Amino acid sequence: MAVTSSSSTCDGFFIISLIVIVSSLFGTSSAQLNATFYSGTCPNASAIVRSTIQQALQSDARIGGSLIRLHFHDCFVNGCDGSLLLDDTSSIQSEKNAPANANSTRGFNVVDSIKTALENACPGIVSCSDILALASEASVSLAGGPSWTVLLGRRDGLTANLSGANSSLPSPFEGLNNITSKFVAVGLKTTDVVSLSGAHTFGRGQCVTFNNRLFNFNGTGNPDPTLNSTLLSSLQQLCPQNGSNTGITNLDLSTPDAFDNNYFTNLQSNNGLLQSDQELFSNTGSATVPIVNSFASNQTLFFEAFVQSMIKMGNISPLTGSSGEIRQDCKVVNGQSSATEAGDIQLQSDGPVSVADM
């Protein structure tokens with residue numbers, strides 16, 4: 001991965017103000033999260049997470065997008081409680097089996113490596129749900145994006161919610177209205193839809209996530225008319241009709257491994273890879289269009305909005321206090337063993353918007 005040094009555009013005043021504002025928006029449970037939660041019990045937690053991801057990036061350039069996607073998929077189902085990380089057991093149906101996650105989510109091995117390192121340094125202290133939040137921030141800043149103060153203190157859930165994963169996660173094939181409704185259902189707004197979609201500024205997508213646009217869009221017998229003709233030709237070569245759909249390409253064509261605002265300038269030239277990406281700009285009259293234009297012309301504005309949206313998303317229904325537990329192994333509830341051996345799954349797309357209807 002072409003990692004650049006992080007050049008945060010959010011000054012200290014902005015971050016401090018943002019933490020105060022967001023904490024006040026999400027009630028008592030979220031207000032219990034704070035930036036210094038581990039200062040006395042595991043002061044090097046953030047550094048350990050960052051170091052482990054730096055090592056992972058040496059062999060896997062797309063791991064940053066994958067880790068953010070895990071955090072997104074976790075928070076949208078049952079709140080940010082680490083439930084996505086749980087394997088099948090005799091009493092738990094894993095969220096990994098949902099169409100939006102199966103053959104799609106990846107990076108579990110890196111989460112396990114982070115957990116092992118943290119357990120070695122400070123046993124039984126840092127939750128798996130906090131690992132996902134810290135890993136997301138580290139992934140963004142290591143790719144040249146903004147850095148922010150992560151609010152901590154989440155505890156891990158005791159069960160998974162497969163039916164919730166089946167119904168709550170957005171799909172790259174969905175229309176903008178449906179996707180926005182799913183964001184609103186967890187307390188997010190239109191600006192959050194656009195800013196969090198901006199995480200597609202790095203990562204990869206597999207043919208199956210966008211081949212619906214290449215030959216027979218919405219049953220018309222023609223390609224998606226909002227897809228740039230030059231991009232269309234190259235994608236048709238990568239993903240031929242009736243092919244295996246296993247080809248992989250960059251979500252951001254211009255700077256695929258850097259966290260920047262080029263994702264939005266790509267949308268302005270009809271170079272969004274996924275249907276759900278391009279609809280943010282091509283859906284005439286949508287409230288998302290001026291937001292895309294603003295982020296395309298002002299990277300600082302995008303970075304600030306992205307930080308705010310990540311903090312808001314990380315505050316979705318966390319378990320705090322004595323609720324839940326601190327898992328010893330992110331794959332299983334304490335005292336249980338998994339029914340399946342956890343492992344990485346073949347990537348289909350990185351970033352917040354999920355793969356559904358596989």
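From the backbone N, Cα and C atoms, a Cβ is placed for every residue, glycine too.
Sequence annotations record features per position, and here Swiss-Prot assigns signal peptide to 1-31.
Gln32 (pyrrolidone carboxylic acid) falls outside any helix or strand according to DSSP and counts as coil. Annotation source Swiss-Prot lists pyrrolidone carboxylic acid at Gln32, citing similarity to another entry.
Around Asn34 (N-linked glycosylation site), a 10 Å sphere centred on its CB holds 14 further CB atoms from the protein chains shown. The N-linked glycosylation site annotation in Swiss-Prot covers Asn34 (among others).
Following the DSSP three-state reduction, the secondary structure of Cys122 (disulfide bond) is coil. Cys122 (disulfide bond) is surrounded by 16 other CB atoms, counting those within 10 A of its CB over all protein chains shown. The disulfide bond feature in Swiss-Prot is assigned to Cys42-Cys122 (among others).
Taken from Swiss-Prot, the feature N-linked glycosylation site covers Asn44 (among others). Around Asn44 (N-linked glycosylation site), a 10 Å sphere centred on its CB holds 14 further CB atoms from the protein chains shown.
Residues or ranges marked as site 'Transition state stabilizer' by Swiss-Prot: Arg69. Secondary structure at Arg69 (site 'Transition state stabilizer'), taken from DSSP and collapsed to helix, strand or coil, is helix. The Cβ of Arg69 (site 'Transition state stabilizer') has 28 other Cβ atoms within 10 Å, all protein chains considered.
Annotation comment: Swiss-Prot describes His73 as active site, proton acceptor, evidence class sequence analysis.
The feature Ca(2+) 1 binding site is assigned by Swiss-Prot to Asp74, Val77, Gly79, Asp81, Ser83. For Asp81 (Ca(2+) 1 binding site), the same-chain residues lying six or more positions away in sequence with a CB closer than 8 A to its CB are Asp74, Ser129, Arg154, Arg155, Asp156, Gly157, Ser317, Pro318, Leu319, Gly324. In the three-state DSSP reading, Asp81 (Ca(2+) 1 binding site) counts as coil.
Packing around Cys80 (disulfide bond) is summarised by its Cβ count: 29 other Cβ atoms lie within 10 angstroms of its Cβ, all protein chains included. Marked as disulfide bond by Swiss-Prot on the basis of sequence analysis: Cys75-Cys80 (among others).
DSSP assigns Asn103 (N-linked glycosylation site) to coil in the three-state reduction, placing it in neither a helix nor a strand. Other Cβ atoms within 10 Å of the Cβ of Asn103 (N-linked glycosylation site), summed over all protein chains shown, number 15. For Asn103 (among others), the entry in Swiss-Prot reads N-linked glycosylation site, with the evidence type sequence analysis.
The secondary structure of Cys330 (disulfide bond), as reduced to three states from DSSP, is coil rather than helix or strand. The disulfide bond annotation in Swiss-Prot covers Cys128-Cys330 (among others).
Sequence annotations record features per position, and here Swiss-Prot assigns N-linked glycosylation site to Asn161 (among others). Asn161 (N-linked glycosylation site) counts 21 other C-beta atoms within 10 Å of its own C-beta, drawing on all protein chains shown.
The feature N-linked glycosylation site is assigned by Swiss-Prot to Asn166 (among others). According to DSSP, Asn166 (N-linked glycosylation site) sits within a helical segment. Under a cutoff of 8 A between CB atoms, and with a sequence separation of 6+ in the same chain, the neighbours of Asn166 (N-linked glycosylation site) are Ala98, Pro99, Ala100.
Taken from Swiss-Prot, the feature N-linked glycosylation site applies to Asn178 (among others). Sequence-distant contacts of Asn178 (N-linked glycosylation site), defined by Cβ-Cβ distance under 8 angstroms and a gap of at least six in the same chain, are Pro170. According to DSSP, Asn178 (N-linked glycosylation site) is assigned to a helical segment.
Marked as heme b binding site by Swiss-Prot: His200. The local packing around His200 (heme b binding site), expressed as other Cβ atoms within 10 Å of its Cβ over all shown chains, amounts to 30.
Residues or ranges marked as Ca(2+) 2 binding site in Swiss-Prot: Thr201, Asp252, Thr255, Asp260. A sphere of 10 angstroms centred on the C-beta of Thr255 (Ca(2+) 2 binding site) encloses 19 other C-beta atoms. Taken residue by residue with DSSP, Thr255 (Ca(2+) 2 binding site) is part of neither helix nor strand, so it is coil.
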Within 8 Å of the Cβ centroid of the Ca(2+) 1 site residues Asp74, Val77, Gly79, Asp81, Ser83, which other residues of the same chain have their Cβ?
Cys75, Phe76, Asn78, Cys80, Gly82, Leu84, Glu95, Ser129, Gly157, Asn161, Ser317
Tell me which of the recorded positions His73, Gly79, Ser83 ends up closest to Cys239 (disulfide bond) in space, Cα to Cα.
His73
Additional residues around Ca(2+) 2, ordered along the sequence, whose Cβ is within 8 Å of the centroid of Thr201, Asp252, Thr255, Asp260:
Phe202, Ser254, Pro256, Asp257, Ala258, Phe259, Asn261, Asn262, Tyr263
Could you check which of the recorded positions Gln32, Asn44, Cys207, Thr255, Cys330 is the closest Cα neighbour of Ser83 (Ca(2+) 1 binding site)?
Cys330
Neighbouring C-beta atoms (10 Å sphere around the C-beta of Val77 (Ca(2+) 1 binding site)):
28
